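This report concerns only the one structure given below.
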Amino acid sequence: MVWLFVAPSNWVFWLAVNMRDFEKLPIWEHSVEWNMRIGVIISDEPRINDEIRVSQVRLIGPNGEQVGVIATSVALNLAKEANLDLVEVAPNAKPPVAKLIDYGKYKYNEKIKAREARRNQSTAEIKEIRFRLKIDDHDFEVKKGHVVRFLNGGDKVKVTIMLRGREQSRPIGGVELLQRLASEVEEYGTVEFAPKQEGRNIIMTLAPKGKKVHTQSEQRRRGDQSRAERQARQAARLAAKQEAQAQAAAEAKAAVASDKPKTSETK
């Protein structure tokens, strides 16, 4: 008789298990429904090596070849002989599917892939420019210049027209102002979200034209490139300095050598 202690989040019970049926319980076959029902914590990590408690597995070799259904003990011996791990990749299959791999190397590669995926996620910064409905031509040109600069830098621009008082009764004026801005910067950006009213404001979003929105990987690449260029310039300056010092030393040595015969002749 074996006593299995199971502790869900809000209650505790003891489960008596007969030794003959120990391996037949769904919990040892990793039944998701059973585990959730009795409160077992389910890990995202696969079972490896001695953690695999079933009697047989369908084995896949290290190069993806199908070995077939064999005893788990035999599969473990094969893993040890090859200096690899036996990893359960499909626990709910009948029988479960296991593969011979280097689990440490596998986890490292998965971590690298996840890191690269995060790097490649778009991280475009959205700049915001605010206009008043009654804006003079000079201020309009200044703010338009900011919009163009942001678009050239690869950033999106959220343009907001702030309506006050009676201006809210005729939002068409704000829409027309945004349309004017969009037409004057169409060389640098396109309208991603057309003008629309949100509360007291009218909003339009512009996206860079002909340029990809910056991503973390692009920013990192540019940083690495500028760093490499800076290091190359420093190395070039150092090499030039060393060459100048070597040349000066050679000239000084030559001058000393040329003075020796003159001294002997004088004597």
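Keep in mind that glycine also has a Cβ here, set from the backbone N, Cα and C atoms.
Annotation comment: TrEMBL describes 215-232 as compositional bias 'Basic and acidic residues'.
For 233-255, the entry in TrEMBL reads compositional bias 'Low complexity'.
Per-residue confidence over the domain 'Translation initiation factor 3 N-terminal' (48-117) averages 89 (mean pLDDT, predicted model). According to TrEMBL, the domain 'Translation initiation factor 3 N-terminal' annotation covers 48-117.
The domain 'Translation initiation factor 3 C-terminal' feature in TrEMBL is assigned to 125-209.
Per TrEMBL, the feature region 'Disordered' maps to 209-267.
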Tally of residues which DSSP labels helix, strand or coil - the compositional bias 'Low complexity' (233-255): 23 helix, 0 strand, 0 coil
